[in-house]
Amino acid sequence: VPSILRNTTGVRSVHEDVKIEKLTTHTPDFLGIPAHVWPRLGGVEGAGEGIVIGFIDTGINPNHPSFMTSSSLGFLNSTKFKGKCDTGELFPSTACNGKIVGAQYFAHGAIANGEFNATRDVSSPYDADGHGRQLTNTIYTCSSHTASIAAGNHDIRVIVDGFDYGAASGMAPGARIAVYKALYTFGGYMSDVVAAVDQAVEDGVDILSLSAGPSSVPSGDSAFLDVLELQLLFATKAGVLVVQAAGNGGPSSSSVISFSPWITSVAASITDRKYNTTIVLGNGQSFTGTGLSPPTDGEIDFNIAAAADVCVRNATIITVDSCQNPESFIRPLVYRRLIICTYTFEYEYEAASIATVADTMMEIGAAGFIITLDPNIGPEALWEYYNANTIRDKRGQAVAFAAKARILDGRQAIYTGQAPVVASYSSRGPDVKNALMQTVDVLKPNVMAPGTSIWAAWSPDSEGDKYVKGQSFALISGTSMATPHIAGIAALIKQRHPKWGPDAITSAMMTTADRTGHSGAPILAESSNELIQATPFDFGAGSINVSQAMKPGLIFNVTFKHYVQFLCAVPGIDVKSVKKAVGVACPTKNKFKCSDLNLASVTISNLVGKRKVIRYVKNVTHKEKYTVHIKEPLGVNVTVVPESFRIKRRGSRRLKLVFEAIEATNAYTFGEMVLKGKKHIVRVPLAVYVGSASSS
């Protein structure tokens with residue numbers, strides 16, 4: 001059948017329908033948006049006005065206050081958006097209320113593969129899912145959550161279980177929302193996601209937020225020729241900025257699942273907001289650790305018992321210590337006690353989870369639980385206090401528990417003022433071009449935004465996570481949460497500069513991003529067991545600086561023609577495959593190298609001898625003089641011509657960079673090119689792998 005289809009008139013290519021994985025109260029302030037950006041756009045209500053952000057995800061809950069229309073919203077001032085509203089179960093015609101301007105759902109692929117359940121998955125754009133977990137490089141999310149981060153209404157109270165966590169706001173509260181539901185409880189299928197992308201582009205969205213991607217590098221000659229990557233290329237050609245989650249496979253190298261240079265791939269950071277819970281022992285000592293927890297009942301102390309001391313005899317010690325199975329415990333010994341559970345490596349590899357601990361404690365009737373390190377790793381005051389107040393028989397078994405403690409309220413946030421840190425789960429570069437994991441001259445991810453512990457809207461009917469079922473807000477982490485931050489910020493930039501294309505917006509975000517914190521110290525990244533200095537493979541160009549992205553000074557433009565030249569230059573790609581995929585033939589004499597693509601970064605995956613790289617910059621503000629400063633990657637000599645230049649308004653300048661390998665590093669090293677003007681600083685990250693110091 002595939003061979004018959006390939007030879008049918010009107011069929012460009014045939015792809016297997018593969019499975020697709022689903023991948024705020026403080027972040028506007030953390031990013032400086034209310035003070036430095038919204039006032040420039042007419043105030044909070046007008047921030048994002050006239051811009052439509054499309055979300056390909058799990059649908060939306062139109063009844064949520066984050067998406068309600070208001071008298072200040074007004075009529076959508078867009079001549080090109082022509083979306084429609086699919087009505088259906090839980091989604092009446094009134095659901096498209098002016099804030100939500102389009103809503104459709106796509107399930108033909110899921111139905112054909114026998115996974116769509118109309119009762120469970122809801123045959124309408126309504127969000128009945130609501131995923132909030134992370135499994136390896138799988139992305140789980142929900143449209144209600146992501147849409148409210150990007151474009152949710154301003155000053156919406158976040159109340160969960162009767163506690164007020166503050167007021168939430170989207171990055172662009174005045175922007176409109178168009179939802180394209182193509183993901184469900186089981187994930188989704190490529191054919192449905194591609195159909196959703198195609199419809200969003202045809203409808204005329206300005207920004208496309210995609211918190212979904214493959215679970216691994218696509219098979220075939222190149223990831224860039226995968227059906228989704230190509231569909232997103234055509235979206236970019238149509239003027240739609242595509243923002244995609246980089247993936248949740250970090251900190252492993254080359255774990256990004258957003259590959260192509262025409263996509264803005266987003267890494268996730270930790271902000272300075274912390275939720276800490278304090279435990280007060282019976283002897284007056286107190287300990288504070290990370291946790292979002294209400295206090296124990298009353299202001300009384302509860303007896304403490306270690307999990308290993310209150311378990312049945314035939315229970316395996318690892319399962320008991322991690323508190324994953326209620327059948328492991330002796331019920332009378334755990335009732336109304338605080339149970340000490342041990343953090344084991346099972347948590348790191350997801351064989352154990354804190355959510356399961358909570359389930360276990362609830363089922364066995366414990367008053368609460370404390371997760372701490374194994375006492376064998378080193379002395380720890382909690383264990384010392386517990387052991388000193390626990391009576392044991394000759395066999396070492398606990399027979400009386402005198403240690404006591406209480407847990408204080410941990411729901412009040414504290415703000416440390418620290419710089420963003422790359423989250424451990426955020427997928428890392430270098431980018432790869434195929435399933436053989438061969439690297440390519442493209443920097444991924446592109447930019448970083450907050451993604452850890454993000455409060456945002458939730459659908460109370462969601463079946464994806466029982467711990468937030470029935471709630472209107474959820475606290476979730478992932479690159480899926482970072483992605484709508486960038487989508488909303490892109491809407492603000494698009495509003496300020498309506499004629500800018502996707503390339504200009506991405507360039508503005510990258511060249512103005514922060515590599516250091518307020519103190520000037522480099523941004524750090526969570527590694528497997530320590531904090532290390534972050535590199536462009538961790539955070540791309542850096543952490544988003546919204547205020548500066550609105551006025552970048554210089555931009556790097558890229559057109560569809562350039563992307564085709566890039567595809568033609570990728571080693572291993574047959575030129576006939578490119579023409580078949582994009583409908584444009586490769587140049588007969590193509591001297592273009594992948595590193596020549598006019599991106600706001602330079603990546604060379606194998607430098608041997610010398611490499612000349614050309615970049616063109618365009619001035620988007622007043623006449624200015626720039627001087628070039630280079631921080632060279634280790635083992636590389638870099639020269640730039642010219643070393644300084646004047647550029648008039650709307651003028652362009654050509655920069656010739658020459659990279660010379662002077663020492664074989666057999667590893668990527670990093671540097672940057674900085675163009676310093678009187679009013680603007682333009683930063684371009686450099687990533688180079690030196691394979692040989694001699695030319696061939």
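Cβ atoms are placed via backbone N, Cα and C, with glycine included.
What TrEMBL says about this one:
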ACT_SITE  ASP57  active site, charge relay system
ACT_SITE  HIS131  active site, charge relay system
ACT_SITE  SER480  active site, charge relay system
DOMAIN    48-519  domain 'Peptidase S8/S53'
DOMAIN    596-688  domain 'Subtilisin-like protease fibronectin type-III'
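Taking the domain 'Subtilisin-like protease fibronectin type-III' (596-688) as a whole, pLDDT averages 96 in the prediction. Residue counts for the domain 'Subtilisin-like protease fibronectin type-III' (596-688) by DSSP state, with H, G and I taken as helix and E and B as strand, are 1 helix, 62 strand, 30 coil.
ASP57 (active site, charge relay system) and SER480 (active site, charge relay system) are 10 Å apart (CA-CA, integer value).
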